Amino acid sequence: MLLCVSGVGRGGLGLLAVKRARLLTRTAHSSPQNFEYRPIKKVMVANRGEIAIRVFRACTELGIRTVAVYSEEDRGQMHRQKADEAYLIGKSLPPVAAYLHIPDIIKVAKENGVDAIHPGYGFLSERSDFAQACVDAGVRFIGPSPETVRKMGDKVEARSLAISAGVPVVPGTDAPISSVGEARVFSETYGFPIIFKAAYGGGGRGMRVVKEYEELEENYHRAYSEALTAFGNGALFVEKFIEKPRHIEVQILGDKYGNIIHLYERDCSIQRRHQKVVEIAPAADLDPHLRDRLTSDSVKLAKQVGYENAGTVEFLVDKHGKHYFIEVNSRLQVEHTVTEEVTDVDLVHAQLRVCEGRSLPELGLTQETIRVNGCAIQCRVTTEDPARGFQPDTGRLEVFRSGEGMGIRLDSASAFPGAVISPHYDSLLVKVIASGKDMSTAAAKMHRALSEFRVRGVKTNIPFLQNVLSNHQFLHSTVDTQFIDENQNLFIMKPVQNRAQKLLHYLGHVMVNGPTTPIPVKAKPSSIDPVIPTVPMGEPSLGFRDVLLREGPEGFAKAVRAHPGLLLMDTTFRDAHQSLLATRVRTHDLKKIAPYVSHSFNNLFSLENWGGATFDVAMRFLYECPWKRLQELRTLVPNVPFQMLLRGANAVGYTNYPDNAVFKFCEVAKENGMDIFRVFDSLNYLPNMILGMEAAGRAGGVVEAAISYTGDVSDPMRQKYSLAYYVKLTEELMKAGTHVLCIKDMAGLLKPESSRILISALRDRYPDVPIHVHTHDTAGAGVAAMLACAEAGADVVDVAVDSMAGMTSQPSMGAMVACTKGTKLDTGIALEKVFDYSEYWEVTRGLYAPFDCTATMKSGNADVYENEIPGGQYTNLHFQAHSMGLGNKFKQVKKSYSEANKLLGDLIKVTPSSKIVGDLAQFMVQNNLTREEVEEKADELSFPLSVVEFLQGHIGIPHGGFPEPFRTRVEIERGKTLHIKALAVGDLNKTGQRGVFFELNGQLRSVLVKDNVAMKEMKFHPKALKSVRGQVGAPMPGKVIEVKVEPGQKVEKGQPLCVLSAMKMETVVNSPLTGVVTVIHVNTDTSLEGDDLILEITAEE
């Protein structure tokens, strides 16, 4: 787009720096006055943030020294670091008041040889008394004369001047009003809606639209208070509110010699709460005749007051194309950037030169030389949450990464990692300006730049801005000031993923507060890294998986049965660390040793590495994907079959799932590398087992039906789970089509004699089916029992590598290899390789010291033959007892487990049935109940949900049926790769937090983490509980400026309770219900964080 008056090209102010000594004749362009040219050597900016830095940069380019001022709140802000000198002002004053303290600012200027003061925008920029104070102190004010600032800052006088100049105005009061009564009179004359405006400032502060009579008084007080806080003067005037106008403003520039030019217009119609969000230059689809009238009226008004320096004349344009003057901003505007981009005129350079005494023609700035080239868009990126009504957000910027590239300009100050966003100042974070040949090009560049931003630690409006830039009306039509209100789809924003920072927060929390799991010991992870044994070059030797892939499940089963020696299944990758280390071993440590296992133990029957508790723990505690673990291990171990534990209809969960879910799970598991599915049911309930077997078989896996073993087949006094029971159950499983038969001895109850009896009976009856025996070594007899099983005809037994064996884990791999060496049961495994394998795990185990069962349990115990607690659960119960300070009562816990088992009818105990027995046992210990008392009071007690659901039949029907009359008496009622390096943990701050520092993908990152221990000794304002009706919390961080109720006062729903101020905007907190105020937790000037408790209301009956 090109708007041109003459053929003069770009660069109207590009020669400013080399014209410093050039004095041209001013005869044709100057007034009769003669002004002396006085170079500026040092400039102070009486402001903060990005506008201060913007002026400093311009001064530096022109060789002018710079001075910053800052409040106590702003000690760490960037603007003071960008200046050559910086001085504290407003000591002990509130944050905003410091920048409004004229005596301090003038004092600093005089003491430090400042020639001129630039006011920036906001604060004192439109205060004529400040401009006069500068002049009186002999310091130049970079802006209009004090008299012009007074006239233009007084909205009523500016309106009168506009009328005198023939510029159309909106109906309004002729002078500032002094009471709400005058506002009532105006509204009765002109009707609603009306608008209050601050008489001595702009930027949306002190501006409130009133649409009906009931809102008049509250909005008057809010507008007055905002204006007083922002500008030091609460005076207001009232206008008729024009609905759905376009907000168009014209940039003007004048010198000391009466020369006035305009730099065309900007469209600032996209606003929220009367504050601009997106600005565009030039205005899209603006009628050329209307543009001429707007620019002509602006220049005419400026000339009438003898305007000097930069300023903006603002208009409303109604739907009929009629324009109305609203105000003159006698300062630089936030959005001056878009005008600079399309006219190539540096407005701050021009301000400085004009203040020195240069004329506009001398600077190469005449109306004929000003033209518009292309389009520029500015987006104000703010720390506000659009989803919560643009409420300001405060906090610390943990991450800040900006968008850049061709056509993008960034003006910022507080945008850097570690910056603290204060509730005391404007929420502007960074101004992003995009330039292009036309509107669509500029919008595309802006959208791309915003998508590159990464801001973490505070909410921003970036997703909202992206929606605006994608909006069809914005791109292809005109918008008005109601655009945001009428396009609620702008608030449907794409969620921010924030994956890396969430991970760092988790790691930081662990580093400061320790693991989330209660740990009864203070053991720390070992600092020694495990050494990986040497792995041969090339591919590993063929193994049983190659047989499986070549001959299928049936051929695999035949090969296993025909194998001459004893085969082993290694449980180190799953059940061993589940039993000893609470299943906490990470995929990272499994992957490191996996290639060694593939090369050294290719003749293993299988490697148990998946299913069971690995799913639960991987997702709840390790924050790992169990599927990814399977995929990665499969790649590293291509030759050894993988085996998983499938809980029948429970799959890898704790409740029955729909049939199709179990079938699909097995299908996907097989596709991702699983080979053998060891299918069991915690009650040996055939329907559940058969479902799992069918699912595994249909997926193409090896079906290994597992009978859960309990009792003692060698004891004639224990007949519930007799040899006949197991033989009959085996018969049913063989009919169902299992490839391999497994005896799952989850508590380690098989003794050598019972092993010989059971396995011999099964081998005699089924000579062709492979038999696999799983056990735990809790009593210490595991090796003896497994040798007895092997001698009786078992083909496979379970072991764990030596350093991960024993106690509640599996028998020792080294012991089994050594005991069978040179016999018919020889495993064919080299003992030396077992030693190297064990050494790796011995050191690795040290990394998990806080979870190691040996911290509280020093040995196994033969009392397992009495209590029958499964290995993994034995460890967990022991750990939990010590965590709860009941370590000395673990014997009682074990006894209660045995009693609970009898109450429930002597169950087969394996997940989830073992959990049911455990829950009932803990219930008995906590309530100090005996078995007899539980039976007696069964109809009065509130049993754990798992017990109730078991008795309802949720997990199946136990062998022998449900326990009666206990069951009847219980009331049953249905109810991206990230490279992270931890660097340091910082000191405690006043809010009870510690900074935790990381290196993430080579860049420094930090997070603030609450120190839970330290916070117990610190006092904090209570939070409003959303679950408690009548507790009213702060909707945003801020300061209480008015409490409007008292304890005992009755309030109606919607009645104002208090007023909060944040970022110079005020928010009224209304009552959520009708009731009586019982407690007020705040006073005037109380500083609050989001959701801090303000008061409590008791609801009216």
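Glycine is no exception: its Cβ is also placed from the backbone N, Cα and C atoms.
The domain 'Biotin carboxylation' annotation in TrEMBL covers 39-489. TrEMBL lists K155, E239, H274 with the feature ATP binding site. For 159-356, the entry in TrEMBL reads domain 'ATP-grasp'. The annotation active site is assigned in TrEMBL to R331. For 566-835, the entry in TrEMBL reads domain 'Pyruvate carboxyltransferase'. Summarising the annotation, TrEMBL assigns Mn(2+) binding site to D575, K744, H774, H776. Taken from TrEMBL, the feature substrate binding site applies to R647, T911. Taken from TrEMBL, the feature N6-carboxylysine applies to K744. Feature annotation from TrEMBL assigns domain 'Lipoyl-binding' to 1029-1098. Feature annotation from TrEMBL assigns N6-biotinyllysine to K1064.
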Intrachain C-beta neighbours of H776 (Mn(2+) binding site), sequence separation six or more, cut-off 8 angstroms: S579, D745, M746, A747, G748, G782, T808, S809, Q810, P870, G871
Among K155, H274, R331, R647, H774, the one of these recorded positions whose Cβ has the fewest neighbouring Cβ atoms within 10 Å: H274
For the binding-site residues E239, D575, the one whose C-beta sees the most other C-beta atoms within 10 angstroms: D575
Rounded Cα-Cα span from K744 (Mn(2+) binding site) to R331 (active site), Å: 83
Distance [Cα-Cα, Å, rounded] between K744 (Mn(2+) binding site) and H274 (ATP binding site): 72
DSSP residue counts for the domain 'Lipoyl-binding' (1029-1098), split into helix, strand and coil: 0 helix, 39 strand, 31 coil
CB contacts for K744 (Mn(2+) binding site) [other CB atoms within 10 A, all chains]: 24
For the domain 'Pyruvate carboxyltransferase' (566-835), mean pLDDT (0 to 100): 93
Env. residues of Mn(2+) site, Cβ within 8 Å of mean position of D575, K744, H774, H776 Cβ: T571, D745, M746, T775, D798, Q810, G871
R647 (substrate binding site) to D575 (Mn(2+) binding site) - Cα separation in whole Å: 14
Around the Cβ of T911 (substrate binding site), the count of other Cβ atoms that are within 10 Å: 22
Near-site residues: ATP, ref K155, E239, H274, CB cutoff 8 A to centroid: G172, I195, F196, K197, A198, M207, F237, I326, E327
Distance [Cα-Cα, Å, rounded] between E239 (ATP binding site) and D575 (Mn(2+) binding site): 77
H274 (ATP binding site) and D575 (Mn(2+) binding site), Cα-Cα, nearest whole angstrom: 64
K155 (ATP binding site) to T911 (substrate binding site) - Cα separation in whole Å: 78
